[in-house]
Amino acid sequence: MTFRDILSVTFEGPRSSSSTGGSGAGGGAGTVGPEGGAVGGVPGATGGGAVVGTGSGEDNQSSTGEPGAAASGEVNGSAAVGGLVVSAQGVGVGVFLAAFILTAVAGNLLVILSVACNRHLQTVTNYFIVNLAVADLLLSAAVLPFSATMEVLGFWAFGRTFCDVWAAVDVLCCTASILSLCTISVDRYVGVRHSLKYPAIMTERKAAAILALLWAVALVVSVGPLLGWKEPVPPDERFCGITEEVGYAIFSSVCSFYLPMAVIVVMYCRVYVVARSTTRSLEAGIKREPGKASEVVLRIHCRGAATSAKGYPGTQSSKGHTLRSSLSVRLLKFSREKKAAKTLAIVVGVFVLCWFPFFFVLPLGSLFPQLKPSEGVFKVIFWLGYFNSCVNPLIYPCSSREFKRAFLRLLRCQCRRRRRRLWAVYGHHWRASTGDARSDCAPSPRIAPPGAPLALTAHPGAGSADTPETQDSVSSSRKPASALREWRLLGPLQRPTTQLRAKVSSLSHKIRSGARRAETACALRSEVEAVSLNVPQDGAEAVICQAYEPGDYSNLRETDI
């Protein structure tokens, strides 16, 4: 039973006899030959399927593994076009595989365009994901169409030379895809284990060197058959398959799958252990000091600022006095253990499910030919590995909300998202508090005045996003005398969870890179004296304080936090 027989309905007529495993004479309109033999793991064509025939039925006596066929017209549910007879089975398989290939191409293109069109997604980690998408896209566009054509026609129709090139590109793309998954696992472990040092450890130059090495290794693995490390070439050019030479099968399986799989499993286990330990430490810190243990504070020390007697913001400066204001951002912690376990199970489980059967059967069948699976089973296993390239765009990028939003913008033909300055964000949510007897005023300026003390916070507790009623109640409450104005950058959450370290390192990197941009400074730049980022250590009282140049923060955007 072939791959086509599994996915479609059989339309074959009575079979004729054959002494060599090939087909019988194709004289009758409803007579078809049985399946031919297989060379190199590729099955012979099925009678009544896609075959070449130009003479009469009696003239179309086939050689071993080559079915006979009528020259034109219809044969038992088959359609003849230009000398090729394509069965209804082949049409069904072709439609299924075409949808499969288009899905893989579209998904990987979305990943690449999302990063290319959104500057805030252009990070080192996402560069590795883009490399994975490039490998999968190359596989989907340059390899799978020819594999699908061979499944539909039942034979290889592109010649011996192109068969060798196709097989090499197949191994190249699959190996690069698997090694990209391995690189992503190492990158995520480094990002979680050494979050504050991550920008210095994983620079763009190092990432480029890693990707170059990755493709070099994939190239070395793939060129073996082109240099002669393969089985004897079959005489019939209509057969094309992967090389099953024992030495190369073991070498390619170890380098392309078993070593990367070991690294992936170890790295993701370490990620889970570190995330679990960090989550427990942060939860313990919150119990000891509620509201402080998980808080990361970006402080901007400004010159004197005052609030007018009516409660409206003022910009009066006072000599010898410095009013310290802060942008207090309650960033997200690591995922809870259950969510982390679920995500890692999906990542590792799908990878192993897709590739392990193929890389188990390939060396086993090379060493022990009597243990090789049937044609139909091997074809399913073969395409299951290709399926991993189709689901990769769903597993990795779609686990990020930013990627999901970028996908939606691309589907709506909105390539770029307008990025507003941090100081112009959510102006309608701010409030001023004074000691005046009157209620606090809440105008809606789009840009905060120079020297104004700002606070960006996310408060834990029940509830969802702010509503007009809750905003009115907050603005009408009496407060002690202060000059605090608050922007709610993040909505209230049930728990302040997920990815504390990654957010801190990203924010730190954005602040550092601000000084290298040649953009106009924001309105507060002239009033700022110092910028610092305070990060509490896990489960400890000490705080790590990182100072920055006053001008470095000027290009900090809403999307950076």
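Glycine is no exception: its Cβ is also placed from the backbone N, Cα and C atoms.
Quick look at what Swiss-Prot annotates:
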COMPBIAS  21-56  compositional bias 'Gly residues'
CARBOHYD  N60  N-linked glycosylation site
CARBOHYD  N76  N-linked glycosylation site
TRANSMEM  91-115  transmembrane segment
TRANSMEM  128-153  transmembrane segment
TRANSMEM  164-186  transmembrane segment
TRANSMEM  208-232  transmembrane segment
TRANSMEM  246-269  transmembrane segment
TRANSMEM  343-367  transmembrane segment
TRANSMEM  375-399  transmembrane segment
COMPBIAS  467-479  compositional bias 'Polar residues'
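Counting Cβ pairs closer than 8 Å and at least 6 residues apart in sequence, the transmembrane segment (128-153) and the transmembrane segment (375-399) reach three or more and so form a contact. Most Cβ pairs under 8 Å with the transmembrane segment (208-232) belong to 246-269, among the candidate stretches 91-115, 246-269, 343-367, 375-399.
With a cut-off of 8 Å on Cβ pairs spaced 6 or more residues apart, the transmembrane segment (91-115) and the transmembrane segment (375-399) reach 3 or more such pairs and are scored as touching.
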